[in-house]
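Engineer: Below, the features straight out of Swiss-Prot:
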- G150, T151, Q274, T332: pyridoxal 5'-phosphate binding site (BINDING)
- K300: N6-(pyridoxal phosphate)lysine (MOD_RES)
Amino acid sequence: MNRLPSSASALACSAHALNLIEKRTLDHEEMKALNREVIEYFKEHVNPGFLEYRKSVTAGGDYGAVEWQAGGLNTLVDTQGQEFIDCLGGFGIFNVGHRNPVVVSAVQNQLAKQPLHSQELLDPLRAMLAKTVAALTPGKLKYSFFCNSGTESVEAALKLAKAYQSPRGKFTFIATSGAFHGKSLGALSATAKSTFRKPFMPLLPGFRHVPFGNIEAMRTALNECKKTGDDVAAVILEPIQGEGGVILPPPGYLTAVRKLCDEFGALMILDEVQTGMGRTGKMFACEHENVQPDILCLAKALGGGVMPIGATIATEEVFSVLFDNPFLHTTTFGGNPLACAAALATINVLLEQNLPAQAEQKGDMLLDGFRQLAREYPDLVQEARGKGMLMAIEFVDNEIGYNFASEMFRQRVLVAGTLNNAKTIRIEPPLTLTIEQCELVIKAAHKALAAMRVSVEEA
């Protein structure tokens, strides 16, 4: 039987939620009630699958851990008052920490004036952010399209490449094995995870995948496409594959891909949604090899963990295909004043506090600690790898990875797996993580692995 809509029920639900938003603290009974509500509503109205996922990576199979608020720049507090060091970072959005005061203040100040733009008058913050991004990014990148997420930034990049290359008879895209570029239809066509792709087949035509980090495979693909008349419009790849398991290519790989793109007249699209904004020890990961893409995709940390925003930045030559008709690709909320305020403040904090350099220093410290653990626990850990504050611990099988996440949860450290590699747990904390907190994370990992070894031996 169909359920009839109820205005009274919706009004009561919204009033209850607004009352909750106003609260700063909850007593014990309120916490228990909120936990029950959240679990019920996820099950009945969001997606029960999320509960099972959460259950697999929390202590004792308890999926009732409900986030309440930020504890500090680098910690989260749940409804039971437990504080966790955040080594997941919202999959890479909290580069400047949780509720960074500079970012929050910028958004609050803009909120007091005008939250969203009229769409008809020119909005100053979008102009200022575009100018700032042009100054920040490498090479000839000059014009920015702002959106709301990473997958949208990739969609814009693909459409931009198509618009530029179609008159030249180039329609093919080359992506890489293990890649993750998002889950909208175009971005999913470049993503290389069958689990995400198969339910939505057929995807966009013209996409080919080659092994990541294999420059000869890239050359062969470009050659074959040229021979068959399927000339390549663009190569799209991540400088370091995040969801693929924090996979680093061989030194010189990006430089070699850039040369191949120039040789074959293909555009180079770099997806720095996860690696950008200081995460790897440089503002952008491509700067480790001084590589300059034709199109750059940003999102996640660009909004400072306060507002969602993505960006697609291109050279004037490429972006000029949109000059005659700027409405060829637009979005209602992209580049809104609140998001632009957050992004401007985020860039300011990253530069003022030199957080990319801090990411390199602290990342080296953490990675040294994890590699030492890999040597101590070779029966459990296959490898620790990373660059800057984007790291991964790969285990000998999938189950051990899940167990490690659960044990770290018991140690009050949040970690999680990568979407394309179940054996791998990512370590992606805020760049503001303190040295003391870095040491606590390494100690927690040691305790987690020791407990896991005991469990294996007892079994």
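In case you wondered, yes, glycine gets a Cβ from its N, Cα and C as well.
Just tell me what is around each of these and how deep it sits.
Structural biologist: A simple way to gauge crowding: the CB of Q274 (pyridoxal 5'-phosphate binding site) has 29 other CB atoms within 10 angstroms, across all the protein chains here.
In the three-state DSSP scheme, K300 (N6-(pyridoxal phosphate)lysine) is classed as helix.
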Engineer: Just how many other Cβ atoms lie inside 10 Å of the Cβ on K300 (N6-(pyridoxal phosphate)lysine)?
Structural biologist: 28
Engineer: Can you see whether DSSP assigns T332 (pyridoxal 5'-phosphate binding site) to helix, strand or coil?
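Structural biologist: It is coil.
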Engineer: Sort Q274 (pyridoxal 5'-phosphate binding site) into helix, strand or coil using the DSSP assignment.
Structural biologist: coil
Engineer: Which residue, out of the binding-site residues T151, T332, shows the minimum number of other Cβ atoms inside 10 Å of its Cβ in this structure?
Structural biologist: T332
Engineer: Looking only at C-alpha atoms, tell me how far K300 (N6-(pyridoxal phosphate)lysine) is from T332 (pyridoxal 5'-phosphate binding site), rounded to the nearest Å.
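Structural biologist: The separation of the Cα atoms works out to 19 Å.
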